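As given in Swiss-Prot:
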- G84, G86, R87, K107, D119, G120, R170, R177, D256: ATP binding site (BINDING)
- D246: active site, proton acceptor (ACT_SITE)
- N247, D256: Mg(2+) binding site (BINDING)
Amino acid sequence: MTLSFITRWRDELPETYTALSPTPLNNARLIWHNTELANTLSIPSSLFKNGAGVWGGENLLPGMSPLAQVYSGHQFGVWAGQLGDGRGILLGEQLLADGTTMDWHLKGAGLTPYSRMGDGRAVLRSTIRESLASEAMHYLGIPTTRALSIVTSDSPVYRETVESGAMLMRVAPSHLRFGHFEHFYYRREPEKVRQLADFAIRHYWSHLDDEEDKYRLWFTDVVARTASLIAQWQTVGFAHGVMNTDNMSLLGLTLDYGPFGFLDDYEPGFICNHSDHQGRYSFDNQPAVALWNLQRLAQTLSPFVAVDALNEALDSYQQVLLTHYGQRMRQKLGFMTEQKEDNALLNELFSLMARERSDYTRTFRMLSLTEQHSAASPLRDEFIDRAAFDDWFARYRGRLQQDEITDSERQQLMQSVNPALVLRNWLAQRAIEAAEKDDMTELHRLHEALRNPFSDRDDDYVSRPPDWGKRLEVSCSS
């Protein structure tokens, strides 16, 4: 089957990019590809059998027209000016059979005009982390970019140490970022900001294109998508680590996996990025940061959208966030209805977990085994303060009895939203260390496991992290 690529970005937004081709690596070789995603995109298996090829930037497929995008942004709350694709190249937009499109973005593709002081490269460590994280999030049901392939090489890349140069093929319906809009707003070119908005609406919100107040309706939906995404992050214990405005997806996707981390111990102020000295992007601050980022996006739209309309959309953020978060947390607790004591029960559980440094994922998974008429709980042994747990658990069982549902039905629901497996940093690190020794077994094994996060397992993927794996420091260097 011949793949079809179109050039909407190149044709419709000529001042937002520089056209250029990838720079191949030395002795590049394909070490992993996403068979399930490739099948979804109707990619012929033969493309994965001919060396690095397009996956390593060595050649292009018919219809591809590679380019690097320019954007700007706020980093750690400070205006950083022009940024852009410093090591990534958009190879093309694949047109799918249903009329939708999928960007093919090659990360680590070499120097671009936006590389600043960088070398345009990515390392094997970071490409493995992003591939694992994006696929883990996808199978958890959270909107995200996807990983299609990883290529490693003999090219040395200099970070804290010398590492292997690598490339990741990332795919997404769009790579539109808040930072694209900021770039032209701060250059005092509001007509180009409007062109970006029109492009987004035309191709991704086409049902709004003929509406008189399309910009208000569109921005309101961007706010809602962002609020929903952040709510989902919080419910699974995901910390992004670098929520700069240039890393915010207009479509509400999880974008740019760097020093991310999933909670091990329940620590509301968890900071996964060791460069985040002030804790701006801590786990519990993510909802507030996302709203701040939306306010920056709203500012770029103010030359052609009424400020009252923008503020009205921003005001909806908190309620959308709380609605999505509340619905998912009630499911995690096994509540079929909404009762006034639900928030108090959840907050008391969180307080107990924080005091005891309880494992976030294991606590909710074990809670899924609760039988409402039994005072015994397998979760009890996870707590040192048994009296405090017993007091909470008695009230929790009483709350469960208010819903007309069998234990088996409730347990099935809870186990469908409380994963047994999340991508803990130590699991990723183990796969990375093996891959750096040319052993890809663990990389493939872990990818396969992450496809079924809600299934029970009896291996160390679902055990408590070892002591060395709990506080792994992760940086932005990639």
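Glycine is no exception: its Cβ is also placed from the backbone N, Cα and C atoms.
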Sequence order is fine: just name those binding-site residues in R87, D119, R170 with a Cα within 10 angstroms of N247 (Mg(2+) binding site).
none
Quick check: in three-state DSSP terms, what is N247 (Mg(2+) binding site)?
helix
Sparsest-packed of the listed recorded positions (D119, D246) - C-beta count within 10 angstroms:
D119
Around the Cβ of R170 (ATP binding site), other Cβ atoms found within 10 Å total 25
Among G84, G86, R87, K107, D119, G120, R170, R177, D256, which the record lists as binding ATP, how far apart in Å are the two most distant Cα atoms?
23
Count of other CB atoms lying within 10 Å of the CB belonging to D256 (ATP binding site)
23
Provide, as an integer number of angstrom, the distance between the C-alpha atoms of D119 (ATP binding site) and the residue listed as 'active site, proton acceptor'.
19
Provide, as an integer number of angstrom, the distance between the C-alpha atoms of G84 (ATP binding site) and D246 (active site, proton acceptor).
8
What is the total of other Cβ atoms whose distance to the Cβ of R87 (ATP binding site) is within 10 Å?
21
